[in-house]
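Per TrEMBL, the feature transmembrane segment maps to 268-290, 334-358, 364-389, 401-425, 437-460, 491-514, 520-548, 560-579, 591-620.
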Amino acid sequence: MGSGGYCFCEKGQAGKENDVPDCRSEIELFVNRLDSVESVLPYEYTAFDFCSEQSEKRPSENLGQVLFGERIEPSPYKFEFKKKEECKHVCTKTYTKGSAEDKIKLDFLKKGMLLNYQHHWIVDNMPVTWCYDVEDQQKFCNPGFPIGCYVTEAGRPKDACVVNSDFNEKDTFYIFNHVEITIYYHMVENEAAGARLVAAKMEPKSYKHTNADKPDCTGAPMDLSSKFSGDLKIPYTYSVQFKEDKTIRWASRWDYILESMPHTNIQWFSIMNSLVIVLFLSGMVAMIMLRTLHKDIARYNQMDSVEDAQEEFGWKLVHGDVFRPPRKGMLLSVFLGSGTQIFIMTFVTLFFACLGFLSPANRGALMTCAVVLWVLLGTPAGYVAARFYKSFGGEKWKTNVLLTAFLCPGIVFADFFLMNLILWGEGSSAAMPFGTLVAILALWFCISVPLTFIGAYFGFKKSGIEHPVRTNQIPRQIPEQSFYTKPFPGIVMGGILPFGCIFIQLFFILNSIWSHQMYYMFGFLFLVFIILLITCSEATILLCYFHLCAEDYHWQWRSFLTSGFTAVYFLVYAIHYFFSKLQITGLASTILYFGYTMIMALIFFLFTGTIGFFACFWFVTKIYSVVKVD
């Protein structure tokens with residue numbers, strides 16, 4: 001699928017000898033996978049028994065589209081520019097009584113209507129939207145429309161059945177077998193280039209067509225009773241009209257989809273909210289840094305100059321132990337390597353998305369960019385893991401490199417593979433083809449792993465990180481800690497503030513993943529990313545200072561876990577979101593939701609933990625480098 005944006009003109013106008021040499025008269029409609037808010041399993045268009053185009057080959061998909069389970073195919077719906085069609089017959093699907101195959105097809109269609117599966121159609125790379133009125137005279141545009149709907153045995157219309165009072169038979173399915181499409185265009189000025197398409201809207205209808213072979217698009221809706229068992233014919237039809245609209249510029253043709261989403265106000269509110277938290281934290285940190293630390297340092301350095309120095313106290317006491325290697329230094333260094341890889345990948349992807357390179361019009365670009373970046377960033381991962389492992393006094397460099405290259409990516413891949421097996425078993429379009437799995441493994445083993453080795457080679461060649469103070473031979477006794485300075489309460493408190501800054505944004509991200517809404521607010525996301533970075537750093541530094549003052553020098557793992565604990569809150573929120581916002585049914589869908597959520601939580605844990613560790617490492621190095629030590 002290219003980025004769309006062809007020029008169109010009426011039939012007979014195109015051609016070298018005419019005014020518009022490079023324009024097309026035929027408009028193709030492509031169909032994407034069908035998905036549902038009530039099920040995580042998307043299905044290809046051809047999985048359902050709709051009119052399909054068998055002969056044409058599918059447009060090629062990029063890696064991001066394959067990973068997200070997008071399956072774009074040609075459809076039998078073809079229009080000629082500016083040619084109005086009324087009730088054009090596409091095909092008729094016949095289901096005969098007694099045929100097992102037909103019964104399976106019809107049951108699958110009913111299941112799709114029951115779970116509110118939605119079509120996603122594309123014209124000139126734009127989603128065809130269904131706009132309908134909601135309360136307060138607002139219009140809501142949905143980039144998809146349902147297959148049909150169901151009226152329950154109690155006579156309650158479900159989902160789209162509420163739009164039409166004729167859908168009133170109890171325990172009956174109504175299929176949307178007719179679509180009225182309106183394509184908006186504007187003429188290109190100053191160049192002989194025909195017209196550009198700027199919007200495509202549609203309205204689904206249901207008609208029982210009295211004559212299936214010569215439909216007239218009138219009469220009662222097409223109903224399928226649950227009890228019905230005779231022969232059945234479902235004719236599919238469409239109407240299309242063209243309207244000129246000079247107000248929409250081609251560059252902003254996606255805006256009509258976004259306007260109906262009233263998220264922006266909430267976003268600004270949440271960002272202001274987050275900024276208040278950041279300012280409050282920054283104030284606290286600044287006060288500690290400038291006032292308390294300044295006093296501490298002045299007092300310590302003054303005491304050194306006085307002959308009869310009193311007993312040392314506070315964080316200076318632990319200067320001989322503060323850079324003592326942590327327990328399980330191997331694992332910490334591996335986590336830091338993977339975290340650095342994820343951090344740089346996220347930063348660069350969001351930066352490009354902010355500049356508009358990864359717009360929703362460029363399908364799958366965001367995911368492709370993230371995967372390619374992750375593969376290419378093996379070198380910094382290997383380098384960081386090696387540097388820290390060496391400075392922790394580690395000797396097993398081969399194990400370190402192998403763990404950096406395989407541990408975290410391996411967990412993610414194993415989880416992903418298991419989810420894929422479930423999708424294969426369910427026959428879903430989101431299941432990745434075997435070839436793509438092999439391609440991802442090849443990227444990992446042939447590019448990412450060698451790059452990690454190169455990074456580690458340079459990391460081990462360099463001398464260990466220089467610390468400003470020497471480490472004593474004998475570890476110091478840590479005094480009895482109060483409740484607040486014990487490790488666990490500190491870690492639990494540390495994750496609350498960063499999570500508070502991101503949870504509204506998290507709602508929109510989860511909506512875009514599970515409720516199939518368009519995500520386009522990358523500017524907001526980048527702002528929130530920066531706020532998260534600052535909050536994680538400041539919260540960790542604050543708690544790190546309190547622990548050092550309480551003469552507890554085990555800061556390495558604690559700083560990683562303090563901000564990494566944000567991922568636990570993320571997990572709790574994802575569970576809450578599952579039960580309160582989604583109507584997901586079925587065991588496979590539930591397993592998939594939690595399987596993918598675990599991958600996201602692990603990545604988020606490594607990402608936030610690494611930020612916390614580096615902030616604390618910088619802070620500790622800084623304060624001990626300005627104190628005179630005997």
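Cβ coordinates come from backbone N, Cα and C, glycine included.
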Do the transmembrane segment (437-460) and the transmembrane segment (401-425) share at least 3 Cβ pairs under 8 Å, sequence separation 6 or more?
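Answer yes, regions in contact.
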Please identify the stretch among 268-290, 334-358, 401-425 with the greatest number of Cβ pairs below 8 Å relative to the transmembrane segment (491-514).
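Out of the listed stretches, 268-290 contacts the transmembrane segment (491-514) most.
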With the transmembrane segment (334-358) as the reference, which stretch in 268-290, 401-425, 591-620 has the largest tally of C-beta pairs below 8 Å?
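Between the stretches 268-290, 401-425, 591-620, 591-620 has the largest tally.
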